[in-house]
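Colleague: A single structure is presented below for examination.
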Amino acid sequence: MKKICLLGATGSIGTSTLDVIKNNSDKFQLVAMSFGKNIEKAQKIIEDFSPKYVSVQTEELAETLKNKYPQIDVFYGNEGLNQLVQTDYNLLLNAVMGSVGLIPTMTAIELGRDIAIANKETLVVAGDFIMPAAKKAGVNLLPVDSEHSAIFQVLQGVKETDLRDITITASGGSFRDKKRSELVGVSVGDALNHPNWSMGAKITIDSATMVNKGLEVIEAHHLFQVDYDDINVIMHRESVVHSLITLKDGAMYAELGASDMRQPIQFALTYPDHIPLVNEKEFSLAKLATIHFEEVNYERFPMLALAFKVGRLGGSFPAVFNAANEVAVAAFLQEKIEFLDIEKIIEKAVGNHVEVNDLSLEKLIFIDSETRNKVENWISDKNF
Ligand code: NDP
Ligand code: MG
């Protein structure tokens, strides 16, 4: 029985993970979980899965849970997340949203726990610290993001020296068929309407700006230790090919399938085994008939170009890119700024940033919070 600690249990990845756990209750047990504020959903999960440890975002919600479930150890706040990952479990599935996932990930690594990582922001901000720490501690960092899981799956059995490059596919998100001039004044509702995947709000907006693909490029650089010159992005509107690799002799290996996050989640939980997926979605190549590939238009999607740039600059630049995006997307979701302002804000934050010397994890965490404060001020002053 593998004991699972799940960060972000009430979210989109959290929900799919719970489905996998429930469908394989002979293999997995949910012992620890965190959520933010969605107490109704969290209570349903607590009643279905009986975890021993729970962490929640606020002290008030923690009190409510303690009164209702005295048998559970309840933690709260960012410190609560960090306490939760120090409990007794075998595998951490980190599906919290945003760079708040960074410290608990580092703690779990230091404790030698294997980690299935959906929380890409953590790798983007601190991949230079996370990857060596994971290597040193001998822990597995198993990708959950569908593109990275695809690459990880096809890399099984491939010699590192045989790999030429990797190619990440991009659906283009909810506005892929709009010109830039048509993006003026688009609504939150339209932006949340992703053509292929059902996901949390933040990542759905990130898909529309293609910041998500940019974060994925940086995530891939760290997870697979591949140079930015050896990472390609290709538009592929059907999201059938989840990503691919090219070997030195030109042979390409791809992973294909339905758009169902339960497949990469389950593989991260059962790695290195593939087991049947309960209620597998119907998927037929013959019914698909045609799939499309196209070059990325970097003028249409400037955030992807900027992500390659900040990735190559390295240091704290990816952290600034990420923090500015997190705050800008939250403001867009609250209708405080326009869709195109997200790009403006990220460009300004990255453009103003001056690299610091002797970067450490502590300095990165400071830069992350400093960037958030700056961007919040720009938004309240309408100055970006
Ligand atoms: P959701 O917004 O659906 O869920 C986020 C989860 O994190 C919720 O449980 C939420 O709690 C919790 N949470 C948010 N902020 C905080 C906080 N400050 N402190 C504690 N908990 C918090 O996101 P997704 O499931 O879509 O995404 C999660 C991660 O997985 C992201 O990093 C995303 O990039 C990545 N990912 C997601 C994919 C998808 O298909 N959804 C695909 C690939 C990667 P609550 O709702 O209770 O407030
Ligand atoms: Mg993805």
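Residue positions begin at 1 at the first shown residue.
In case you wondered, yes, glycine gets a Cβ from its N, Cα and C as well.
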Colleague: Out of Glu79, Glu110, Glu216, which one does TrEMBL list together with Asp145, Glu147 for Mn(2+)?
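Modeller: Given Asp145, Glu147 bind Mn(2+) in TrEMBL, the matching entry from Glu79, Glu110, Glu216 is Glu216.
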Colleague: Figure out which of Gly189, Gly200, Gly214 sits with Thr10, Gly11, Ser12, Ile13, Gly36, Lys37, Asn38, Asn119, Glu121 in the NADPH site per TrEMBL.
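Modeller: TrEMBL names Gly200 for this NADPH site.
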Colleague: Lys120, Ser146, Glu147, His194, Ser207, Asn212, Lys213, Glu216 bind 1-deoxy-D-xylulose 5-phosphate according to TrEMBL; which of Ser55, Ser99, Ser171 goes with them?
Modeller: Ser171
Colleague: Specify the count of other C-beta atoms within 10 Å of the C-beta of Asp145 (Mn(2+) binding site).
Modeller: 27
Colleague: So how far apart do the NADPH binders Thr10, Gly11, Ser12, Ile13, Gly36, Lys37, Asn38, Asn119, Glu121, Gly200 get, largest Cα to Cα in Å?
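Modeller: The widest Cα-Cα gap among those binding residues is 21 Å.
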Colleague: Could you check which of the binding-site residues Thr10, Ser12, Asn38, Glu121 is the closest Cα neighbour of Asn212 (1-deoxy-D-xylulose 5-phosphate binding site)?
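Modeller: Nearest in space to Asn212 (1-deoxy-D-xylulose 5-phosphate binding site), counting only the binding-site residues, is Glu121.
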Colleague: Rank the binding-site residues Lys120, His194 by the number of other Cβ atoms within 10 Å of each Cβ, and give the residue at the low end.
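Modeller: Each of the binding-site residues Lys120, His194 was scored; lowest Cβ tally within 10 Å is His194.
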